[in-house]
Amino acid sequence: MADRDDERHAERDRDELVAQVSYLEKELSVLRRKLADSPRHVRLLEDRLQEAQTALAAANAKNERLVSALKEARDQIVALKEEVDRLSQPPSGFGVFLRARDDGTVEIFTNGRKMRVNVSPSVNVDELRPGQEVMLNEAFNVVEASSYETVGEVVMLKEILEDGERVLVISNHDEERIVRIAEPLRDEPLRAGDSLLLEPRSGYVYERIPKAEVEELILEEVPDISYSDIGGLNGQIEMIRDAVELPYLHKELFREHKLRPPKGVLLYGPPGCGKTLIAKAVANSLAKQVAEKTGRDVGKSFFLNIKGPELLNKYVGETERHIRLVFQRAREKASEGTPVIVFFDEMDSIFRTRGSGVSSDVENTIVPQLLSEIDGVEGLENVIVIGASNREDMIDPAILRPGRLDVKIKIERPDAEAARDIFSKYITPDLPLHPDDLAEHGGSPTATVNAMIQRVVERMYAETEENRFLEVTYANGDKEVLYFKDFNSGAMIQNIVDRAKKMAIKDYLENGSKGLRVSHLLQACVDEFSENEDLPNTTNPDDWARISGKKGERIVYIRTLVSGKKGADAGRSIDTVANTGQYL
């Protein structure tokens, strides 16, 4: 029984082992199949991993784009919100600050009303200045400081009131108004006659406007013309130096001798003889004398060149205003101790004899204005008036009387000696001289130049047939022959030299022969005479004679003695001559 049980147990164990072996064989077979499939599976997993990584990178890039778009959208929303808030704000107005009060409020002027308002804590009240613009919110409180007004009306200052903060001005319609002085003008010296910028609503003047038409009358500070540059006028130069420089340089001596210095000088004579040059040389000489007297390296003087016709204005009172401003400018400069020359060129054009009927009678108000200004110079040092004219007979006698234009100096046409002196200013030894001319004088440039000047002066001043210019008939029947020398001037001499130099340049360009020759000067002299032969044409020979410097018996007839280009002499009668407007 026991054996049978053992057999059954052994058989059962054997079956279990067989089953276990069969199971393991199956498992082994499965594992072998899986092992055979594992490389392909690994590759598949690797491919899936790479695809997943690529998808992840794309997702990250998309996420970044979304973040950027969201940020941009948020910024746009913020900007739009700010724009909406800004556009929805009420408009800000502007006002003009008047003054601050002790309680922290300020007074402003806006929309035609004077208001007392509060100030934002961001605005420093102590930095606000009268007349300054300020920005206002909807409650008219000051929230920001602005600048000053830059546009408005131009008015003329008439008077500064006693408080120094207000002025009396005159508008373009001759209306008087009292206005306040804004801060930018508080420290500037204001004078009657100044042009100011007015903002009419607030009543503040902000700026002084320079008058361009008056500034243009000022030619230069120190002219570069000296007495050594002027030839043939030594006597006149000595006279004007005595009249102008002595009183300025030796004030004590004049005061000791109770001698009043002259207030004005009149330079008169034919055109082109050096009147303007002398006036400029006076200013230059005074500047040098000031430098020596004060010990400075550079002297200073002012030369106010007033061109007569430029002063005239079609509006009533404008010419007089210009004259006042000119003398006001002279007083300003002279108050600094600087000599000032006020030079009126072509004085007869604006200061004609009153009531003469030869103009529009504008001189009836202009002449008194000048007289009052000249008389006003009496108590003012360092200012002298110099007038120049070639028709001194047309200037109002009140201007020429002693005490106004005290010294009268006639600038004559140059004689032969004066002409040599003038030529020496333009023909100098340092110029290129032709070798042939140099050889004739031993190679000496100085001797050559002197010989050239002597030859051309002899040609100009010879009373020969070829130099005969005019025959004039006087009212008493007398006749006189005038030569070209009778109409010579410094300007004509300069023109002759310029012509000769141009001829020398053309000769050098054409044939290579360089240098100035005496033949150039002689030919230039002939050409200059030929050009001027047709100039004495006028309906009134007597007026022409006065301008040309020929005074005396009235001239009734002029006949030219120079053969014209057509070879015919032509007598010119006062009844038949056409007025060309040209004068010799």
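Residue numbering: from 1, along the chain as shown.
Backbone N, Cα and C atoms are what each Cβ position is placed from, and that goes for glycine too.
Record features, source Swiss-Prot:
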- G272, C273, G274, K275, T276, L277: ATP binding site (BINDING)
- 8-90: coiled coil (COILED)
Query raised in the report: Just going by other Cβ atoms within 10 Å, which of the binding-site residues G272, G274 has the emptiest spot?
Result: G272
Query raised in the report: C273, L277: which of these binding-site residues has the sparsest Cβ neighbourhood within 10 Å?
Result: L277
Query raised in the report: What same-chain residues, at least 6 away in sequence, bring their CB to under 8 Å of the CB of K275 (ATP binding site)?
Result: L267, Y268, G269, D345, A388, I411
Report summary line: Excluding its own, the Cβ atoms lying within 10 Å of the Cβ of T276 (ATP binding site) add up to 19
Query raised in the report: What does DSSP say about K275 (ATP binding site): helix, strand or coil?
Result: helix
Query raised in the report: What average pLDDT is reported by the model for the coiled coil (8-90)?
Result: 82
Query raised in the report: Relative to the mean position of the Cβ atoms of G272, C273, G274, K275, T276, L277, the recorded ATP site, which additional same-chain residues have Cβ within 8 Å?
Result: L267, G269, P271, I278, A388, I411, S489, G490, A491
